[in-house]
Amino acid sequence: MSAIALGMIIFAYLCGSISSAILICRLAGLPDPRQHGSGNPGATNVLRIGGRSTAAIVLICDVLKGMIPVWLAYQLYVPPFYLGITAIAACLGHIYPIFFQFKGGKGVATAFGAIAAIGWDLTGLMMGTWLLTILLSGYSSLGAIVSALIAPFYVWWFKPEFTFPVAMLCCLVLLRHHDNIQRLWRGQENRLWNKLKKKKEMTEKEKKRTEKEQRKED
């Protein structure tokens, strides 16, 4: 392993360890995503507790954590195998962040960013697969699982030299979703739309309650 490859792997892990969900929630005055919602510090949970705009910012930051290190390693001609290790290091940083007591998210967005750095054609296919699965099923976790299963085949078709590293990365994502896979199998996984609907209903109830209290005071 060259010094450049080793340096990029360390850099990728440190980038991944910056938990954008926790930091952005703090800046926005929102609850800690590790202690609310699903307990997962990721964009989907931030969507539940903070809304679309905050979740979108978290999603972009998580994608960039994987994209930037892998893109830099790609530009520095790091061999495909170590490029894959760089991508895995970024995801491991997101999953086990050194800056946040090694308690992180599931690494889906970061893995997506790492794969996107290899080619924009792969980005479109991955995004399309993820969105289509969510729209058809309503399960955010299923979108991530299906995308992780299909991604190696996309890479094999367009850039076969990166198939093995991407397959390793996707295995890591699937391992992080083992609880979701069990809940899906048992029919216990909650649909994303149902969670958002419940949140909207709770917000409306709180709003009505506040209005009633104000009327009483008047």
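Cβ coordinates are placed from backbone N, Cα and C, and glycine is handled just like the others.
Sequence annotations record features per position, and here Swiss-Prot assigns transmembrane segment to 4-24, 54-74, 80-100, 107-127, 130-150.
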For this session: Take a look at 4-24, 80-100, 107-127 and tell me which one has the most Cβ pairs under 8 Å to the transmembrane segment (54-74).
Result: 107-127
Exercise. Under an 8 Å Cβ to Cβ limit, what residues of the same chain, 6 or more beyond the ends of the transmembrane segment (107-127), are close to it?
Worked result: 16, 42-43, 59, 62-71, 74, 83, 86-87, 90-95, 144, 147-148, 151, 154-155, 158-159, 162, 166, 169-170, 172-173, 176
